[in-house]
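Sequence annotations record features per position, and here Swiss-Prot assigns FAD binding site to 11, 14, 35, 36, 46, 47, 51, 53, 174, 308, 334, 337, 338, 339. The anthranilate 1 binding site annotation in Swiss-Prot covers 244, 308. Positions annotated as (R)-lactate binding site by Swiss-Prot, on the basis of similarity to another entry: 244, 260, 308. Here Swiss-Prot flags 260 as anthranilate 2 binding site, drawing on similarity to another entry. Positions annotated as disulfide bond by Swiss-Prot: 230-285.
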């Protein structure tokens, strides 16, 4: 059986999911090469900082919406059948204020919070809240069951799924994407490189995608459990400030957020912003603390900052010949990397097959 030597560059959720799906074909011999691996916490490495959850933000017929739809069955299956993966179901409410429509966060959440969304036919227990169930200042709200992911458990679990299929992991840093072809564990040059370097594709030689930009997210992790996952279309504190909370599976704590600050590279938590985040979360979900308590009722584990890899034209999944090396890109997933992970990885695998077939045809033609 002919083998395909493939290097996946990057070990975030996109790289690991793509490597796992590729490894299900025994003809693919895969090396994951990355500067950062699960267990690391670095501002360059976005995936560990994510909440993470499944709150669809793509329009129904958009690429993002289709990838979100394709990802849900996988996350549902893992939550149901693989508790060791760190994904669990959560009762979820998303609130909408009409006045947020023009804001940065209002635009980001527009599909999520609108009445009768496409995902209402996909996620279990969906219903729109009646007018008498709405808190003051809320124009409409959707309630449903979704999932929350403990990234500190899930990312290593993905590594384990890859390892069971023979994927080799190695730490490496490359100045140019074509150099990654020399990192295959066989010692031979890889037939193809899959670029899943996220925001680092902005400076990676051979790629240098200047349409990538950071959308800074700041969070507070607490021991309190509000009893549900909750979000709202905007805040009164700032155009790029967000309010959401989710409790991670397997004792991962509750994430309180947040921000969506484009072009902001600051890796240090802002203490004043942290106070605003905590106050907003308690206001949105009073069950977060004991009756009558404010932020003093929160038991803080840590503060965190991550940089979402936003791309102006959305995720890039396509093949390209760079310095004689076939490269398939899968990066630029913004704030929806986990909830599009399987959809995007499936598309990337299809593009890998196309590139390998094209490569084979060129070799066959050269022999004639």
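Keep in mind that glycine also has a Cβ here, set from the backbone N, Cα and C atoms.
Since the structure is predicted, the reported quantities are computational estimates derived from the model, not experimental observations.
This view paints the features noted in Swiss-Prot onto the structure.
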| residue | record | DSSP (3 states) |
| --- | --- | --- |
| 11 | FAD binding site | coil |
| 35 | FAD binding site | coil |
| 46 | FAD binding site | coil |
| 51 | FAD binding site | coil |
| 174 | FAD binding site | coil |
| 230 | disulfide bond | strand |
| 244 | anthranilate 1 binding site | strand |
| 260 | (R)-lactate binding site | coil |
| 285 | disulfide bond | coil |
| 338 | FAD binding site | coil |
For residue 35 (FAD binding site) and residue 308 (anthranilate 1 binding site), what Cα-Cα distance in Å is obtained after rounding to a whole number?
18
How far apart, in Å, are the two Cα atoms that lie farthest from each other among 244, 260, 308, the residues recorded as binding (R)-lactate?
16
What whole-number Å value do you get for the CA-CA distance of residue 11 (FAD binding site) and residue 285 (disulfide bond)?
35
Chain-internal residues near residue 51 (FAD binding site), provided their CB is under 8 angstroms and they sit 6+ positions away:
148, 149, 151, 219, 244, 246, 248, 255, 257
Can you figure out which of 46, 230, 334, 338 (the recorded positions) comes closest in space to residue 260 ((R)-lactate binding site), comparing Cα atoms?
334
Let me know how many other Cβ atoms fall within 10 Å of the Cβ of residue 11 (FAD binding site).
27
Minimum Cα separation from residue 308 (anthranilate 1 binding site), reported as the residue among recorded positions 230, 285, 334 that achieves it:
334
